[in-house]
Amino acid sequence: NSVDCNISLIEFLLSRGAPANTTDINNMTPLHYCVKHGHKSTIGLLLDNGLSINVGVHRKSWSWNNVKTDTFYQSSVSESEPDIPGTSAGLTPLHFAALTGNLVMTKFLLERGADPNALSRYNESPMHLTLRKALHGPKHDDDWTNPDFRIETMWGFVEFEEEDEFDSISASITMDREGVLDALLADARTSLTIGDCQHNHPLHCVEYSQRGSGSVSMIQKLVSRGADPSKRNSKQQNALHLASRAGDHDAVAVLISLGVDPALTDNEGLNALHYAARSGDHETITVLLEATVATRPNLVALKDNRGRNPLHHLLTTNRVVQHETIQLLLDKGADGSELDASGNSPLASYFKKPCRGVVNVKTCQQLLSVEGSSLFVDKIGQTLGHLCTLPWKCSVQVLEMLKEHGVDLTQKDLESKTILHRSAIQGTIAKESLHYLLYVVGVEIDAKDASGKTALQYAADQARKAHHPDIFDRGRWDRSMKLL
């Protein structure tokens with residue numbers, strides 16, 4: 001495990017019976033370290049002394065027995081053994097070369113006969129690791145998880161002053177990563193039908209993203225060597241689901257052209273359009289809708305197992321949502337007033353999304369213009385007026401809009417709570433909105449709910465609570481109490 005490897009010392013140690021096939025606390029054997037540092041001659045020496053080029057390791061969470069005796073790294077994926085039939089070689093030197101993007105050593109190992117189909121304990125082949133750039137199993141600090149050994153670490157050693165330099169480094173990293181993939185694909189022994197412990201096949205492991213990142217090229221290469229674009233993993237997801245989730249519209253277009261049906265669903269009833277809506281990517285949604293005009297004209301109306309249509313997914317994404325995307329789905333037939341299995345409309349889901357910050361006025365306008373949308377009442381009798389108090393900030397403009405579309409802002413829910421009760425509980429009362437509700441709408445400030453409590457009492461109760469130190473704006477209940 002050194003850049004300056006003394007081959008004479010290695011020969012001496014081997015002649016004295018030093019074990020060549022031993023695994024250290026970094027879950028590495030001497031052969032793995034040779035790959036890490038590019039010691040080709042030492043690899044030859046170890047192989048000549050009987051060590052298999054496919055020597056494998058099964059990563060473990062080691063406890064330190066020297067200085068920090070109380071340090072122990074826990075397994076993060078699963079403490080139990082994966083339920084996979086047969087036996088595995090473990091993580092071989094070729095796995096390490098593929099994972100780190102080491103093109104030179106990948107080619108060298110394959111030339112020396114390394115098995116491109118060797119499987120880890122989690123049924124991962126080297127192909128899985130170079131595509132995914134990650135591995136299943138314990139997530140403690142060892143050489144397998146250390147990012148410093150990845151080809152992508154080149155970014156950390158360069159100060160970009162010119163755009164050309166940035167492009168050059170990016171191209172170099174991509175070239176090496178794709179080179180590893182090409183080297184594996186060029187080996188006639190390489191299988192494209194291996195699924196890991198989660199039944200992820202190579203196409204599931206491609207890095208799909210809105211940036212593209214060469215995904216189209218990888219798809220084409222994998223499919224040309226026999227990868228099945230419709231293959232499903234243990235969640236019943238295919239590559240189109242994953243590309244759609246990432247908002248990778250170019251990959252989506254290619255996968256559809258290869259015959260993958262956008263209407264196919266996973267275990268949760270999610271199809272490609274549901275995933276694309278979650279990504280918030282307008283182009284991906286457009287590609288899916290245009291590609292299915294003739295074959296799946298009802299795709300936009302399909303719901304998942306929880307009764308959610310594409311609008312429900314779009315409006316609860318963490319991504320920035322474009323107004324033209326909402327309008328596209330509405331124009332193509334998505335129902336803006338449809339209730340999901342929990343009894344929530346798309347706009348209600350928008351308000352109820354956890355950690356919702358500022359309510360977008362135009363988004364509300366678009367959905368309130370849908371016939372019947374403003375009449376929404378949830379299972380506990382809350383109107384859109386009650387729900388608009390859930391986000392951290394709801395402007396008077398939104399309240400005015402709700403009122404204009406027929407929402408009764410004075411209505412009480414099934415617990416006899418007014419909009420002020422709900423706002424006090426959330427700590428979202430602001431001076432302007434309070435004035436509007438009291439003096440324009442006519443909400444009673446001292447109204448009591450079914451339990452006999454006023455909005456002020458709820459705000460006071462919340463202000464006295466010992467909230468988690470990381471909670472957003474812990475002083476908001478105190479402000480609400482003072483305003484009331």
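Cβ atoms here come from the backbone N, Cα and C positions, even for glycine.
Feature annotations, reproduced from TrEMBL:
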REPEAT    26-58  repeat 'ANK'
REPEAT    89-121  repeat 'ANK'
REPEAT    235-267  repeat 'ANK'
REPEAT    268-290  repeat 'ANK'
REPEAT    306-341  repeat 'ANK'
**Prompt:** By a Cβ-Cβ criterion of under 8 Å, what residues six or more beyond either terminus of the repeat 'ANK' (89-121) are in contact with it?
**Reply:** 27-29, 31-32, 34-36, 38, 40, 43, 47, 53-59, 81-82, 127, 129-130, 133, 135-137, 143-144, 149-152, 173, 176-177, 179-180, 183-184, 187, 189-191, 194
**Asked** Which residue counts does DSSP give the repeat 'ANK' (306-341) for helix, strand and coil?
**Response** 14 helix, 0 strand, 22 coil
**Asked** Among 26-58, 235-267, 268-290, which stretch has the most Cβ pairs under 8 Å to the repeat 'ANK' (306-341)?
**Response** 268-290
**Mean per-residue pLDDT computed across the repeat 'ANK' (26-58)** = 94
**Message:** What residues elsewhere in the chain lie close to the repeat 'ANK' (235-267), defined as a C-beta under 8 angstroms and at least 6 residues from its ends?
**Reply:** 198, 203-204, 206, 208-210, 212, 215-216, 219-220, 223, 229, 273, 275-276, 278-281, 283-284, 286-288, 291-292, 296, 299, 302, 304, 319
**Complete:** the repeat 'ANK' (268-290) resolves under DSSP into 17 helix, 0 strand, 6 coil
**Complete:** Summed over the repeat 'ANK' (235-267), the DSSP helix, strand and coil counts are 17 helix, 0 strand, 16 coil
**Complete:** DSSP tally for the repeat 'ANK' (26-58), helix/strand/coil in that order, comes to 17 helix, 1 strand, 15 coil
